[in-house]
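First comes the structure, then the notes that go with it.
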Amino acid sequence: MGIRNIGIMAHIDAGKTTTTERIIYYTGKSHKMGDVDSGNTITDWMPQEQERGITISSAAITCHWKEHQINIIDTPGHVDFTAEVERSLRVLDGGIVIFSAVDGIQAQTETVWKQAEKYEIPRLAYVNKMDRVGANFFKVVEDIENKFKTIPLVLQIPIGNESNFEGVVDIILNKELHFAMENGIPKLTYSQIREEFIEKTALFKKKLIDILSQFSEEITQLFLEDKEISLDVIKSEIRRGTISRFIIPVLMGTSLKNIGIEPLIDSIVDYLPSPFEKSFTAFSLDTNKKILVDPNENKKLSALVFKVQYSSVIAAHLYFVRVYSGEINSNKKIFNASNGKREKFTKIFRVFSNKNEQIDFVKTGDIGAVLGLKFSVTGDTLIEENNNILLESVMFPEPVVLMSVEPERSSDEVRLKEIFEIISKEDPTFSYSESKETGQLIISGMGELHLEIILTRIKDEFNLNVYTGKPQVSYRESAGKIVKEVFEFNNIFAGKNINFKIGMIIKPLSRGEGNKIDFECSIDSTIKSAILRGITTTFVSGAFGYPIIDINVIIFSIVCEISKISESVFESISGFAFHSIFQKSDPIRLEPIMLLEIRTPIEHTGEIISTLNVIGGVIHSVSNIGEYDLIKSEAAFEKLFGYASILRSSTKGRGSFTMEFSYFKEKVS
């Protein structure tokens, strides 16, 4: 049985969860169709998801179609939960990007497209909501080509449009496809193409062959020899072009009305890759070099933990894993290659949304969940001994909003910290700390909605009431200039007289480069690790009390009597030294700048632009979509608290917006 690991990605409200629910129903995994508005979807199982009608966490579903196992991950469309998308894409082999036939490419569509490009994921495009007023399939196709600089391969043309949309013409099969439900059972029927569509179908078939001939020698040869190009050859070359990411097959439908689902599932099986069709990238722990590993040849276990989820039912964390080679079973001795710890699986599950079926093993290319891990987190590599490889981890964006939190009863503070630990283990974009000045607990996240969801969880899932402060901007800081200095420590530390000198250069880097630590002097590897830990730990809080980013620390000299100093002392004093020298680098404060996409009725565009100008926003573009304008701009995050209320008031409730983090910029005032 073949495997397809796919993700479903889209901007919020493009119909992602509805499409997923239809796929689950049509493949026979569910006997009822979940509905977002009714709050009874299978993939949106969290209470907050059902109440709000949005996807918050990535739900994993396994279903079957035409002798293939399809593992689907339905990912969030809201930018506050972009980490869920990021970690899901890391383990996928293929994806479906859903576009609204009315709204086309939206802000989060661009974000997930870029994320999919980063992980080189082959994709299908599915244009949904073809029955809506303003639906324009060919405009969306044109936008995909122009915006994403890719080649969309149209596989269908619409029969009717807007409220008259009733089916599609399959260009490859040269048939009309009609979709119906009879006694709750889907019924797909085929018919000859009516006369009015014959010429248009022939035109798009020619375009399809022309595109395929750009990379297919076989099709080019058959075309030149005026020979028939068989259905099998066409589908084989579409598959090859999709997997190589040369083309993006485009389909359409109206998921809510069950139109277009079967061809979409067929295309998942026909055109998206199997885990065995692509080698995966890893780092050799023997040579410390990047290598390509063929899953057909490497039979030893290598798996990536891509999600951690707390289950209140069993009061334990469930670890979602993608197996890249070998097999997971409960008898296998495993090793966490990311931290050097030994681990063990106690139970293994096949996951169906929030329900689990216990199984004996997870094989190569498959996705499952395990219990029993004690030292693993998202992004860690699990291997069996002698398979010395490290898989590429998952990178997450920085939190941009923070908030003070305290329990109603002071006696619950320890429990609140335990809850924060649970949540931070499953959500890498959530963190908490304790203010040195006030002793307050501070939580950080990707946006107001992100923190709101977490606070709701604390109340509903953990039965703990808390008080919160107002949301605040999570600033960063960096070095303002290059500084070079030797820090000398001559004092009694841990009962010993310590004389220690460390020479350090701190250089500012460009935004987004991250922090780097280099050594220009020879030093024992154990001591080097201790110094790295000491400096890295200090990055958490700089001169202004904010996390330090985008600096290069160069250690150019160390003078000490190593035998007298323990690792922990090296770690502590290195942190002191860095903190002292960083203070002299003229530290600068950095604020997050957000990208905004505002959708407003045309008559309110002028007022919206004026409001953006008042808060110091920069307008990038204004484009028209029917009765609405789409304004793309950027503004400092601190100016955007409460912007949703301002927009509602300005547009009489008809406007909407999304925003996402763009970059950090020096805060002048």
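Just so you know, glycine gets a Cβ as well, placed from its N, Cα and C.
The domain 'tr-type G' annotation in Swiss-Prot covers 1-276, and the record cites sequence analysis as its basis.
Per Swiss-Prot, the feature GTP binding site maps to 10-17, 74-78, 128-131; the stated evidence is similarity to another entry. The DSSP secondary structure for Asp13 (GTP binding site) is coil. All protein chains considered, the CB of Asp13 (GTP binding site) has 19 other CB atoms within 10 Å.
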Predicted model, mean pLDDT over the domain 'tr-type G' (1-276): 85
